[in-house]
Every structure is written in C-alpha cells, then in structure tokens.
C-alpha cells in the first residue's frame, strides 16, 4: 500500500513536463540531478541543528544576554488551586466575567482573587525574556550566515543577473554542490523549528521543499534579507535598547518592503509564472509551485500591513510593538496590585500602561 501511495504521489505527470520521466533525471556522465530522496538527509541534519542550537543558546546567547543586561521581570506564582487549575487547563486561560463569578463560588475565592490567579497563571506559561532573547539570537545568527552564504553561492551564477537563465535546460538541470548544501541546510533548519515548535515562542514553516520536489534548483529563495534585521531588533528590544531597536526597525521595514513587495512579485514570481510557459505547457508542478508562491506573497502583504501600522505609530511618536507577537501581561508586583485596586479590568486582567522602557 505504501508503495502504491508513493507511486501516485511521485507520478511523473504531476511533477514533470510532458514527455519527460524520472529516468531523464538520473545521474550520468558526471552530472548530478536533484532527487526527492535527497530530502531524507534533512531529518538527521535537523536533529544536529537542535544540538547546535542548544550549545549556541547556552554558551553564546546566554552570556550575550548578560552583556546586554537582559533582565527578567519578577513573576508572582499563582497559589495552587485545583478548581481553578482544572478550568485553566481544560476550558480556557481567559475566563469571561460570568465564569470568574462561578469559579469564585466553587473555589471559595473572591472575584478579585480569581482574576489575579488567572493573570499570574497565564504569566507562568509565558516564555521568559531570556528565552525569547536566546531564540532571537539563534535565528539572527543562522539567517545572517544563510544570507551571506546564499549570496556567495549565487552571485557568480548567470541566473543572478538574467532570470531567464533559471529555466535554461529545465528540468534537466545538473546540481552544484553549493546548491545542494544550501537547500539541505535551509530545509534542515526549518525541520528543526518544526521539531521544537512545542517549546518555542513563535514559528513559521519553510517552503523550500517545493522547489526541490519540482526539481527547480536554481530558483533563488526570496525570504532571507529582512530576517536578520528583524531578529536583531527583537534582541535589542528584549535588552531594553529602545532607540537601537527603533533604528533597526526602520532598516527592517525598508528591506522587507523592497524584497517582498517589489523584488519577489515583480522579478521572482514573474520568472516562475511567465518564463516556464515559453518551454513547456503548464502542468501540475507548475501550478503547485506558483500556488505556494502566491500563498507566500499573500502572507507578505498581510505582514507588510502590520509593519506599516507599526511604522505609523513610530512616526507619530506612539509606542512601536510587534503586531504579530503576543502581548505579555505585566507581572510586576507593584504595578499588578495598583492596577487591581484602581485599574479597569478586561476579561479578568487589567489594562495597564507598559510604555515605560529604558533607552540606550
């Protein structure tokens, strides 16, 4: 049964143009071609990435956090309460006012104590500032190295200057070792993010396997340039270096808009949508790959909208926060008690002013 499903999935008419078979892509005469079986190596490499990441976060990111004076906020732990804990785990972490009143009766606590318990309990589950800094440091380091390596292996290639060269000889295109390792390392990194999704703060899924599955090796990945500024801005934000964070944010926004709203749709997607039809009639692999690109571009438009909103707040002097990130409730004891006494409540947690940040 597995073999049957495997045969259907890799049916030549799905992934290759008409009159071509997988036999045409077998290695011969010293020329090596991309194969689906190459993807298997990404799994052990992903586990290797997890080990390297652990070592990096322990011996590089943590000391760096100390140098940048990344400090943890004081978090008050919720008092053990079986009734509230059961509701928190099985129903919702954000009870409505009616639920709060019902839980107050069941647990023997006042309404205010129930609200405070849920606020503190939610804060216990949130990742610490050090954890977020270490993750941002790891991703910044990888993406910066990946971007530099990617430019190094593509800058001397003819398709870097003329995108029509991408399709020269397609799909019978031999593969260079630099191309092979670039894609394998990138895919392995995204696998490692997937494996650690349960413990990480925020994840995103890579798209590069589709390039490999359709044997379209030369296509340059468009995602890398804006990511290092994004991750470095987060690092300085966690360290409290507000001015540095804002300046890097300007660079990130500019690079993001240029690469993902200009270069990607008008150069890269034009290359993948228009040029192939000069060689072959459209087939499933063509539609599948370009559908993935459209989905990616739709996400970029949505993210750009959030970034522009943040830029407007920055220009008008308002606090700039990452619209895509979850907003952490304050767990500072003095602020919490003051807000509990005097501040308004929304779904059991206070509306607080968290705009006090130090500047570098």
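For all residues, glycine too, the Cβ spot is worked out from N, Cα and C.
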Quick check on the annotations: TrEMBL lists transmembrane segment for one of 3-20, 21-38, 39-56. Which range is it? 39-56
Select the range from 39-56, 140-160, 288-308 that forms the most Cβ-Cβ pairs under 8 Å with the transmembrane segment (180-198). 39-56
